[in-house]
Amino acid sequence: AEERFESWPQTRSCPNTGVTPNQQGIYPMLLLGQLLLGIGAVPIQPFGISYIDDYASKKNSPLYLGILLAVTSIGPAFGFITGSLMLRIYVDFDKLLPEDIQLDLKDLRWVGAWWLGFLVASCLLFLTALPYLFFPRNMPKEVSQSNLIKSLEGILVWSKKMTLTTEFPEIALRMLRNPMYMLVVLALVNLAALLSGLATFMAKFIEKQFSQPVSFSTMMIGGVGIPMGVLGTVLGGVLMRRFSLSVNGASKLCTTAIFLCMLSALPLLFIGCPTQDVAGYAEGSEVANSVNYTECRCVGGLHFARPGTCGSGCQHLLLPFMVLLGLTAFIASFSQTPSCVMILREVPPEDKSFAVGVQYMLFRVLAFMPGPVLYGSVIDTTCILWGKKCGKETSCHYYDLNRFRNRFLGLQVVFVCGALLCYLLTVVVLRKRDKNQEEYQMVNNLNRPENTKEKELLT
């Protein structure tokens, strides 16, 4: 074949690799923002969950907790949807004229206006925080007077203990020695790690696997996956309230939900597109960057080719994939409210807020921080063509789609299996505890004076 190509401008000078003062201040600002978000979330998460359980009746508490957890999940859904709209806008639209932007959404070099999300989110956070200033000093109560007094006494004891720094390690160790608490929290940590992978990289997975624009991929996550999870969370609370499930019932519900979730997640491993063949490229070979080939015989009457993907031709598989993904999110979310109820019922009243606080701390330390790093590292192992700029590797241009699918979704199956194992162990622990209580009750009954004759007969 006759090969003639026109190289795009290669005379661009490499930028200075030194860090400017403006760049040095960005990372501390991001850390400060995350710190403030964490402080602002305390009244809603640890204290809010404990408050609902104390002031609501035991029958209605699971339903209210389910609504709280579901509404908390609406935020990410709204963020994904608005983010997809913002990614349709070019990143430098405020600096360039519309006629100067020569790229479109399908171009691999397109970068959306990611920074708009921070501005919109900060304004909405400010507006939604204002109603808290108008909450009454005393809220209406659904619990009986005796239960309320008991709960308030527990909170008072907890607050007194927390004023003494020497008591903090003792309370923390008491939490860590509680097998039911630790098993439920570890199960939720596995699910949180799975969620971190979905939230961070599922849009990228859909983009690469099914040849979809980034904005459309983000819309799929916010419009399908998260809403199904919200619905499952609410229905989990409804089931807890409708059947008045105890801790044993909640444990069995969580185990069943995660087992069904694993069954629905396994077929996802087999729904995807094969790796595309690129003319003139084989894995491990080098190709020229920024090249526009002309008068190519292999492309028919067009006689030209340009950089970019030709599409995988299997976009029709996106629909069954999203149906299974939404079903998996729906089933897995049934475990959220029962897990929260199990944690609140398995700790002393004075330790409720502290227990929920430790739970969210473990989420961030064991799931939300290392989770995206782990997923990103796994995805990087599937790259077969890295971009290069100024002698350094940049982003991945070409993935082995089969490896990408198997490793990315396989890692999620691993986390589901970890959660399932923890929930199965809660069933075992509760069954063993109930058996010990029955034996203890039997011994007490035999030791009563009126049962001495029965005891003699048994001996």
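If you go along the chain as it appears here, the first residue is 1 and each next one adds 1.
In case you wondered, yes, glycine gets a Cβ from its N, Cα and C as well.
Features reported for this protein in TrEMBL:
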- 1-434: domain 'Major facilitator superfamily (MFS) profile' (DOMAIN)
- 26-51: transmembrane segment (TRANSMEM)
- 63-91: transmembrane segment (TRANSMEM)
- 111-135: transmembrane segment (TRANSMEM)
- 181-206: transmembrane segment (TRANSMEM)
- 218-240: transmembrane segment (TRANSMEM)
- 252-271: transmembrane segment (TRANSMEM)
- 321-344: transmembrane segment (TRANSMEM)
- 365-387: transmembrane segment (TRANSMEM)
- 407-430: transmembrane segment (TRANSMEM)
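In this chain, the transmembrane segment (407-430) touches the transmembrane segment (252-271); three or more CB pairs sit within less than 8 A of each other, excluding pairs fewer than 6 residues apart. When Cβ-Cβ distances under 8 Å to the transmembrane segment (63-91) are tallied for each of 111-135, 181-206, 218-240, 321-344, 407-430, the top count falls to 218-240. Among 111-135, 181-206, 218-240, 321-344, 407-430, 181-206 has the largest number of CB pairs under 8 A with the transmembrane segment (365-387). Long-range contacts of the transmembrane segment (321-344) within its own chain (CB-CB distance under 8 A, at least 6 residues past either end) are made by residues 49-50, 53, 61-62, 65-66, 69, 180-181, 184-185, 187-188, 191, 202, 206, 210, 220, 224-226, 228-233, 235-237, 239-240, 245, 247, 249-251, 253-254, 257-258, 260-261, 264-265, 267-268, 271-272, 352, 355-356, 359, 416, 419, 423, 426.
Over the domain 'Major facilitator superfamily (MFS) profile' (1-434) the predicted model carries a mean pLDDT of 79. When Cβ distances are compared across the two stretches, the transmembrane segment (407-430) makes contact with the transmembrane segment (181-206), since 3 or more pairs at least 6 residues apart fall below 8 angstroms.
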